[in-house]
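Per Swiss-Prot, the features are as follows:
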BINDING   Ala243, Pro244, Thr245, Gly246, Ser247, Gly248, Lys249, Thr250  ATP binding site
COMPBIAS  40-57  compositional bias 'Polar residues'
COMPBIAS  59-69  compositional bias 'Basic and acidic residues'
COMPBIAS  70-108  compositional bias 'Acidic residues'
COMPBIAS  109-120  compositional bias 'Basic and acidic residues'
COMPBIAS  138-147  compositional bias 'Acidic residues'
COMPBIAS  161-174  compositional bias 'Basic and acidic residues'
COMPBIAS  604-613  compositional bias 'Basic residues'
COMPBIAS  624-636  compositional bias 'Low complexity'
COMPBIAS  659-668  compositional bias 'Basic residues'
DOMAIN    413-574  domain 'Helicase C-terminal'
REGION    37-174  region 'Disordered'
REGION    601-668  region 'Disordered'
MOTIF     199-227  motif 'Q motif'
MOTIF     349-352  motif 'DEAD box'
Amino acid sequence: MDNSIFYSLGNGIKFNKNKYKKEIGIFNGITSHELDKQTKTNNKVHFFKNTTPSTPVISKKDNIKQKKEEEEDNDNDNEESKEDDDFVEDDDNDDDDDDDDEDEENEEPKEKEFIKHQVNNDEEEEDITLFNKSNENENSDDSDDSDDSGKNKNKNKNKKVSKETQEDKHKREIATFRNKHRIKVDGTDIPDPMTEFSQLENRFKVRKYLLNNINEIGYKEPSPIQMQVIPILLKEREVVAIAPTGSGKTASFSIPILQALYEPKKEGFRSVIIAPTRELAQQIYRNFRLLSKGKPFRICVLSKNLHNQSTNENLIKNYDILITTPLRLVYLIKENLLSLNKVEYLVFDEADKLFDKNFQEQVDIVVTACQNPKLKICLFSATMNQQVEELGHSIMKNPIKIIIGEQNAAAITVDQKLIYVGKEEGKLLAVRQLIQKGLEPPILIFTQSKERAHDLFQELIFDGINVDVIHSERTQFQRDTIVKKFRMGKIWVLICTELMARGMDFKGVNFVINFDFPHTLASYIHRIGRTGRAGRPGVAYTLYTDADTPMLPTIVHAMKQSGSHVPDWMLNLKVQGKKKQQYRLKGVERESFSTIPLSERTSSKFKLRKNKKSFNLPGDQQKSNENNNNNNNNNNDNKKRKSFNNNGEKNNNPERKQKQIKKPKKII
């Protein structure tokens with residue numbers, strides 16, 4: 001009997017076959033003596049005789065032939081087994097009686113009938129298997145066709161299973177890669193991240209000049225934000241990206257924009273990048289210049305000179321990329337001096353600041369001015385609250401949200417430390433002690449106001465330190481020269497306000513000192529983010545007094561979240577919600593820390609400008625004209641009053657001083 005009855009148990013299983021072969025041999029009439037000889041040679045045999053795991057498909061004709069051959073073999077085996085049995089019985093029972101021989105002769109035909117009947121049953125059992133269909137066609141050709149169709153179905157199933165397993169495996173690999181780099185994504189149809197810049201050429205067909213510029217700048221491996229944002233923008237999707245300071249957000253949108261614009265065209269602005277400060281706009285401009293080297297893209301930063309030249313339409317059409325602050329752009333839009341109908345990419349850098357209450361109206365004007373149906377809006381920032389996200393989603397189409405690390409968290413590369421100074425007078429002493437310890441410049445010091453920045457400047461300038469101060473009241477020429485000197489190392493310590501807290505990339509800054517405690521968590525994160533950029537380590541010191549306790553728990557939890565050491569008692573501090581809200585809105589009225597007399601504090605070189613120049617928007621022109629007319633009327637009234645003496649008599653020269661010149665006496 002064939003051993004096909006065991007084929008359904010599984011592939012490649014090894015077992016002791018003696019137990020099963022004895023039972024089969026008994027039914028086939030094989031003696032136990034012959035079975036023992038066979039089992040000595042092969043105690044353990046592979047489950048299948050054939051090495052191939054797949055069983056051949058046999059048609060009905062082949063089955064009939066095999067059955068006939070098996071019947072003949074079984075008959076021969078039965079005859080041989082009978083002869084063996086007779087020979088054994090004769091040897092063993094030589095002393096038996098003749099009656100026993102007669103009984104054996106009578107029993108032989110019965111055994112033959114039993115064996116034949118058993119073989120026929122085995123042949124019937126061989127026709128039935130566990131995997132055969134119950135209903136079979138009568139024609140052998142039909143059965144062969146059905147077998148072929150079954151094979152094809154199994155192959156298709158295997159292919160589907162293999163495809164599904166490959167897709168699942170790919171998804172698992174992408175998920176582990178994102179978890180490794182702390183990339184969190186939210187959206188639909190999210191492209192896979194890239195692992196190397198070399199994939200830009202094969203996967204996205206990025207132009208060679210861009211790849212060469214990336215190598216020349218020194219970008220070896222993409223940062224986590226670049227790994228995910230660049231593929232998304234190259235697939236022409238909108239994005240909301242939240243990543244720590246110094247993580248490479250500018251390059252993540254500069255590379256896809258240059259690839260999408262392809263080449264310079266004289267069609268007007270096709271990409272607009274909006275930044276909250278002019279210093280940040282200048283920095284983005286430099287980044288675009290480095291990446292666009294080799295292609296004559298016309299990139300400009302909106303300035304007063306361009307304001308004056310904006311009436312020339314041909315000049316504006318020559319530009320491809322515009323980088324600006326929102327106020328200047330809104331002025332040109334309201335004056336109908338600028339068209340944004342060709343804009344394909346609108347990027348808001350430091351979006352949480354631009355979507356603040358002070359900028360919301362300006363942002364709405366810019367968005368409504370961009371009428372291109374292919375417009376794609378992108379938001380980038382290190383911090384972003386829920387309100388800003390909702391405003392962003394209201395003007396975007398199915399954006400993808402990306403978070404690197406934890407949302408609204410400080411950079412891991414910055415070692416954050418708190419220093420208690422008691423009162424305001426202790427801050428100046430703490431700064432001098434830190435500098436004496438050997439803090440390596442360049443150093444950034446943040447204050448909450450321009451006046452306090454001036455006072456600190458005048459205190460440190462007499463300590464023999466190359467120090468300077470920058471804020472919004474300085475002229476544009478002064479601000480540009482100060483930033484340039486600070487980058488070149490001519491200025492060691494730069495005192496600044498919130499103007500320099502956002503987006504500025506000073507690669508060599510080793511230390512940041514928060515002279516005044518920040519009012520919000522976002523301000524704290526952006527301040528300390530001026531150090532520890534691009535993977536380099538940095539240190540941030542924050543000075544605090546008793547008046548800063550309402551905001552202290554928030555900063556402490558941010559430090560703990562980013563891995564900095566914080567005492568346990570600070571984590572257990574509890575502050576009333578009203579005090580915290582008042583601190584955020586009103587701040588703290590701080591006492592003066594200066595040791596210089598009040599009359600000698602202000603310097604003529606850094607004197608604050610009283611008449612601040614600003615751009616009058618078209619809607620504000622009537623108010624300004626009315627104010628000017630009122631001022632002119634008041635001046636005329638004053639002139640009329642001065643033209644009369646106290647006695648009511650007219651003065652011939654009212655503008656001169658009313659000193660009467662004595663005429664010389666006539667000599668007779």
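Glycine is no exception: its Cβ is also placed from the backbone N, Cα and C atoms.
The model shown is predicted, which means the values in this text are computed figures rather than measured ones.
Its Cβ taken as reference, Lys249 (ATP binding site) is surrounded by 25 other Cβ atoms within 10 Å in the chains shown. Taking Cβ-Cβ distances under 8 Å and a sequence gap of 6 or more within the same chain, the neighbours of Thr250 (ATP binding site) are Gln283, Ile284, Asn287, Asp349, Asp505. With a threshold of 8 Å between CB atoms, the same-chain residues lying at least 6 positions outside the motif 'DEAD box' (349-352) that come near it are 240, 249-250, 273-276, 280, 284, 379-381, 383-385, 388, 392, 502-503, 522. For the binding-site residues Thr245, Ser247, the largest tally of other C-beta atoms within 10 A is found at Thr245. The ATP site, placed at the center of the C-beta atoms of Ala243, Pro244, Thr245, Gly246, Ser247, Gly248, Lys249, Thr250, has further neighbours from the same chain whose C-beta lies within 8 angstroms: Ser223, Ile225, Ala382, Ile404, Arg533.
Neighbour count (other Cβ atoms within 10 Å of the Cβ, all protein chains): 24 for Gly246 (ATP binding site).
According to DSSP, the secondary structure content of the motif 'DEAD box' (349-352) in residues is 2 helix, 1 strand, 1 coil. Counted over every protein chain shown, other Cβ atoms within 10 Å are most numerous around Pro244 among the binding-site residues Pro244, Gly248. The Cβ of Ala243 (ATP binding site) lies under 8 Å from the Cβ of Pro224, Ile225, Lys249, Phe380, Ala382, Ile402, Ile403, Ile404, Gly405, each on the same chain and at least six residues away in sequence.
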